[in-house]
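Report on the structure given below.
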Amino acid sequence: MSGTDAIPEFPKRSAADGADVSLTNMSALTSGPGVRSLWEVAAIAAVAVLIIGGAEFLLRFFQVPHYVLPPPSTIFMALITEFPHIAPHLGHTLVELLAGFAIGASIGLVMAAVITQVPFLEKIIAPYILLLVTTPMLALVPLLILRLGFGYEPRIVAVALAAGPMVMINAATGFRRVDSAKIALARSYGASTLQIFWKIRAPMALPMILVGLMIGAIFGLLTAVGAEMVGGGFGLGNRLTTYSSMIQMPQFFAVVLILSILGILIYMLFFLIGKKWASWEA
Amino acid sequence: MNAVDAKPVKLAVRSATKVYRTASGDLLALDRCNLEIGRNEIVSVVGPSGCGKTTLLWSMSGLHSLTQGEILLDGQALTGPHPDIGLVFQEANLLPWRDLDANIRFPFEIKGQTPDNEWIDHLLHRVGLGGFGGKYPRELSGGMQQRASIVRALSLKPSVLLMDEPFGALDSFTREEMNRLVEEIWLDTPTTIVFITHSIEEAIFLSDRVVVLSPRPGRVQAEYEVPFPRPRSLEIMATKEVFDLTNAIKREIVGSRKRAGETVREVQHAS
Ligand SMILES: Nc1ncnc2c1ncn2[C@@H]1O[C@H](COP(=O)(O)OP(=O)(O)O)[C@@H](O)[C@H]1O
Ligand SMILES: [Mg+2]
C-alpha cells in the first residue's frame, strides 16, 4: 500500500464545522436585507420621510445657517444643478476605484488561494497580511504622490493596497473551510488537485470571497476619496475639499450623498451576486 | 446466502494496521485487522464508536493508505481510489451549490466521461427521486438526500459499495425504509456491500454476515452469519432467532467495551 502515500489524510471534522457561524458569514449578505414585505418597505420609507422631513423642518425652524448644515431640499437642488460639474469627477473616482480594485482583488484572490494550500507559508505570511489590513493605506498616499505624481497612479495603487488585503483575508477564510468529506468524495472519483480546487474548494469559498470583495470595494472607495483629498486636482475627494474650502455646503453635501449612494450600490451589487451564486449557504 | 466460503473473495483486508500521527502522539486505529468479503456478499461492520470503522472503510476504498498490510480487490493490491468501488458517506455529502442532477453527474465530470443518463434515470426512479433533478440538497429531506447520494455512488456501476453509517442521521422509520431500499437494489443488481452501522438491527436486516470490531485499536473480534432468506420480511425480523442473534452481538460489543474500560482504568492506576 505504499503507492497510496500520495493520498493525504483528512482531519476529522464534525459536520457543524462546515457551517461556521461567524460575523463575516455570507448569510450577512444573503439573508440580511432579503425579501421584505410591503409593510416593511412602507415602514422604511416612512422612517426616511420622517428623518428627511424632520431635518428639513428643524433646520429651517431654528434657522441653522447653510454653512453649518443645509436643509435636505437645498442639498437635493444642489445635487441636480451641480451634477454636470460633479459628473467628470465621479468618473475619475470610478476609474481609480475600478482599476485599483481589479488589481488589488486579483492579487488578493490569487494569494489567498495559494497560501491556503501551504499551511506553513500561511503561518509565516499571516502577520504581514494582518499588518496590511490594519494599516490605513491612506497614510501612504503622500509618499505615493511623491513617487508617482498627481495623476491616477498613486490613487490606483492606494486603492489596490486597501482592497487587496481585505479580499485576501476573507477569501483565505473561505479557502480554509475545508470540508474533508467533500474533498474525500472528489478524491474517491480520482479528482486531481486542480479539480478539487475548482470543483470543491472554490465553490465552498465563494460566499466568503464575495464578502471580501464587497468589503474590499468599500474600503477601496474610501481610500480613493481620501487619496483625492490629499492631492491632485480631480475626483470626488477633491470636490469635497474644494467645496468645503469655499463654504459651498449644499454642493459639499451633494457629493457626500453621491458617495453614500456609491457605497450602497456596491453593497447591492455583491448582495445580488451572492443571492444568485451563493444562496445555497443561507 | 450462507455458503460464504464458496464465494470468490471480492475484497480482502490483510493485516491492516493504521497509525495516525497526531500532535499528541501516535494513535493506533487499526491493528492487524483481517477481513474477507465474498463477491456480492453484504457484510456489516459494527463496533463501539471510535474503534476504527471509518478508518477501515476508507482504507478499503483506497482513500487512506495503511501503515502496514494491504487491501486486495479481486486479488489485486489497491493503491488508491478505484472506479470499481463506490463510497456512500456518513452524511449524504451532496454538494450544496449543485442541484441533484449536477450532484449525481459529479463523478462523470471528474472522470471526464459522458454520464449514462438512462442508468441514472433508472436509479433515480428506483429510489423514488424521479423528477427531483432540479432540486437543491437543502430543499430535500435527509432521507431524500441520502437516496441521491446512493444514486451518485451507483451511477458509475461499481462492483463494490462501501457505506459508512449512511442512515445514522435518519429517524428510525426512514431508516427502515432505506434499509429495504438497499435490499431491493441489491436484489436488482447484486453488488458487494460493506456496511458500517451503529444499529445491530440494521446490520442483521441487511447482511449475510455481521462483523464486530473490537474497541480501538480495531480488530475483528467476532463474526456472525445471518442465514435468513431475502427479501427479509418483518415476520423474519420478529423471530426468536433474530432476537437471539441481536442479543449475542450486543453482548459481544458491551463485553468488549467493559474489557476496554478495565484496561483504561488499569492504565490510569499505573500512571
Ligand atoms: N485523520 C485522523 N487523524 C488522527 N486521528 C484520527 C483520524 N481519523 C480518525 N482518527 C482517530 O482514530 C480512531 C478511529 O476513528 P474512526 O475510524 O473514525 O472510528 P469509528 O468510525 O469507528 O467511529 C478514533 O480514535 C479517531 O479519533
Ligand atoms: Mg465513523
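Don't overthink the numbers, they just go from 1 along the chain as shown.
Using N, Cα and C of the backbone, Cβ positions are placed for all residues, glycine too.
Per TrEMBL, the features are:
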TRANSMEM  A:41-62  transmembrane segment
TRANSMEM  A:74-91  transmembrane segment
DOMAIN    A:90-274  domain 'ABC transmembrane type-1'
TRANSMEM  A:97-116  transmembrane segment
TRANSMEM  A:128-150  transmembrane segment
TRANSMEM  A:156-175  transmembrane segment
TRANSMEM  A:205-231  transmembrane segment
TRANSMEM  A:251-273  transmembrane segment
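Among the stretches A:41-62, A:128-150, A:205-231, A:251-273, the one making the largest number of Cβ pairs under 8 Å with the transmembrane segment (A:74-91) is A:251-273. By number of Cβ pairs under 8 Å, the transmembrane segment (A:128-150) is matched best by A:156-175 from the list A:41-62, A:97-116, A:156-175. Listed as Cβ neighbours of the transmembrane segment (A:156-175) (distance under 8 Å, sequence separation of 6 or more from its ends, same chain) are residues 22, 24, 96-97, 99-101, 103-105, 107-109, 111-113, 115-117, 122, 129-130, 132-133, 137-138, 140-141, 144, 148, 201, 204-209, 211-213, 215-217, 219-220, 222-224, 226-227.
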